[in-house]
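> This is the structure I have questions about; it appears just below.
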Amino acid sequence: MIGINELHSFIDYIQLEKNYSILTVREYKKDIEQFLNFLETEGVGHLNDVEYVHARLFATKLYETKLARTSISRKISSIRSFYKFLHKEYNISEEAFRSLYHPKKEGKLPHFFYEEEMEKLFEGNRGKDPLSIRNIALLELLYATGIRVSELISIELSHIDMSYGIVRVMGKGRKERYVPVGDYALSAIEEYIANSRSKLMKSTSHPFLFVNSRGAHLTAGGVAHILNEMMKKASLHSTIYPHMLRHTFATHLLNNGADLRSVQELLGHSHLTSTQVYTHVTKEHLRKTYMNAHPRA
């Protein structure tokens, strides 16, 4: 494959110097490998030989696969970043991707749970066994803080200050922030540490807060599986994925009067535009409330 050495250098750069998360690095690698394979099929012999026509053809082929616009946009962004790196490190022209059109994101509103649904999810999963105690603590912390699943599984015992009710979170780009934790979540975590974690850990030893049934460090896939099982147990039939709890956190805060800037800070968003999507959700919530409640709606 052409450009494989340059790709390895780029991966080292974003992993070691830019401190991108493992998941982000994996996506970059996959996107760029797809492009390099495309170049081979087009008979391009060197990265310096890539022209706008190649970039445009690659984008066209992506559209033909019926990928979501967000996925196409991410792939183009990955390759554009790769070419910026190539220009800086190898003096390879980045012109081919500079003027390439970025598809607009589809105007889909984030999926979230209503407060009654969250109550059902909690009540349907309470139990005294170690796994039930862990699951409630995990759900409480996700809902109380709005943190990403990658941030959740990176939390160590020392990152939680129980007396101040705060958790230290390592976000995207290794940006550290402190997020307050409510009483319900603190109480659930306290019970988990006291009555569940050590039983699940058995003979294993590591600093991470959440563990799987064998005591090993819980993974993102493990969290997704736990949430799906909790939905079934609570007899809730809508789909769930970990990021939905982040959407739910932000939506409930705004619905109950929190200001946008505070929500932005709690979520760890670099730009306010990332948070503004939730104002559309709350407007939709207000519209539905109006339509259901007003006698002449």
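Each residue's number is its place along the chain shown, starting with 1.
Glycine residues also receive a Cβ, built from the backbone N, Cα and C atoms like all the rest.
TrEMBL does not curate its annotations; it predicts them automatically.
What TrEMBL lists as domain 'Core-binding (CB)' is 1-87. Positions annotated as domain 'Tyr recombinase' by TrEMBL: 108-291. Annotated active site per TrEMBL: Arg148, Lys172, His243, Arg246, His269, in sequence order. Here TrEMBL flags Tyr278 as active site, O-(3'-phospho-DNA)-tyrosine intermediate.
Have a look at these and tell me how they're positioned relative to everything else.
Residues belonging to the domain 'Tyr recombinase' (108-291) score a mean pLDDT of 90 in the model.
Every protein chain considered, the tally of other Cβ atoms within 10 Å of the Cβ of Arg148 (active site) stands at 22.
DSSP assigns Lys172 (active site) to a helix.
Under the DSSP three-state reduction, His243 (active site) is assigned to helix. Cβ neighbour count for His243 (active site): 15 (other Cβ atoms within 10 Å of its Cβ, all protein chains included).
Under 8 Å, Cβ to Cβ, and six or more positions away along its own chain, Arg246 (active site) finds Leu142, Gly146, Ile147, Arg148, Leu267.
For His269 (active site), the number of other Cβ atoms no farther than 10 Å from its own Cβ, over all displayed protein chains, is 16. His269 (active site) carries neither a helix nor a strand DSSP state and counts as coil.
Sequence-distant neighbours of Tyr278 (active site, O-(3'-phospho-DNA)-tyrosine intermediate) (same chain, 6+ residues apart, CB-CB distance under 8 A): Pro110, His247, Ala250, Thr251, Leu254, Val263.
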> What count of other C-beta atoms do you get within 10 angstroms of the C-beta of Lys172 (active site), across all chains shown?
16
> May I ask you to report the DSSP-based helix, strand or coil state of Arg148 (active site)?
coil
